[in-house]
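What follows is one structure encoded as structure tokens, with my remarks underneath.
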Ligand code: NAI
Ligand code: MG
């Protein structure tokens, strides 16, 4: 069988710095686990603009469509702020998401015990937390027509339209149910069916897909505003949350902060299955290019490393190795190793990006 293939797009700022640590783990997988990835590297974002005048070259787009999974670092930086909107670094990322049709965005919120004190919530509320928010990513109010700012009478009116088709709801619901089956088998769907027709349809379709295809999964429904309250009150009641694009944007950022630092948060964006049965997939840390610390060796590589672990789990059916990486991360944190973002000013000396990567590789070695 062909080797699993990966396209690495490290991007700008700290993107290449954190990706360098992921490459150590890819190397470790080859040397110690006998899994060799066919890795291609290319440019996205500002660095692609510098070379090609566009933030994503057509050849790179074509490669992204061919590989089993894309791993992305981060894009952007202040030197690109004045560029025309059409060639801004972020457009490269948006083009990937759109043309790969990545409709299901998985944002885990996992709290490692060693960092529970770092959360803004009480330790028992977050210690051991492990939930995933599945956000619909390609439709809803960010895309619906009509949209725009119009003049009506003697004033302006701003319009966006929440619009969901049955099939758009069904496919993201399926991806949440599939995910739940690999986890605690529980899905909570969030909308505002009390005040929005699109929410009524959302609730009905999620229930129908459940009853027909996933009756074994425990399903509940919640209004999204209550969902926000429940997330900060007792987040451990959830396993998988599925919601629309707008509510998902807000709820996933809220859930993310339960766990502490931006430097710890991975994500996956999945599309329809390809011919080989694997979903189209892009994995990336939630954080950006962090120009304020780029080049200083301060970046925390864990978000990017955990994104690679998600790739192992969701694209390559290597859940055991994904867990091994997560456990290695847990181990180095339990040993007290911290990059600067994971400590307060009085907490001692932080370690560097490369030291964190090396420590995780050492913990992986120790796990064999
Ligand atoms: P950011 O996520 O880059 O940084 C926010 C803050 O968190 C900064 O203080 C940064 O130093 C810190 N931080 C982020 N990641 C970290 C890590 N791994 N380790 C330690 N500290 C970390 O967001 P910001 O500053 O709003 O945006 C900077 C640039 O990144 C902009 O050009 C923005 O457009 C772009 N961006 C790109 C994203 C992407 O590629 N997906 C997402 C968000 C922003
Ligand atoms: Mg957001």
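Cβ coordinates are placed from backbone N, Cα and C, and glycine is handled just like the others.
Remember, predicted model here, so these are calculated numbers, not experimental data.
For the substrate site, TrEMBL lists 97, 107, 225; matching the candidates 135, 147, 203 against that entry yields 135.
In this structure, 77, 290 are the recorded positions from 77, 192, 225, 249, 290, 294 whose C-beta falls under 6 Å of some atom of ligand 1.
Highest Cβ count within 10 Å among the binding-site residues 97, 107, 135, 298: 135. Neighbour counts were taken as the number of other C-beta atoms within 10 angstroms of each residue's C-beta; across the binding-site residues 290, 294, the minimum falls on 294. The sparsest Cβ neighbourhood within 10 Å, among the listed recorded positions (85, 142), is found at 85.
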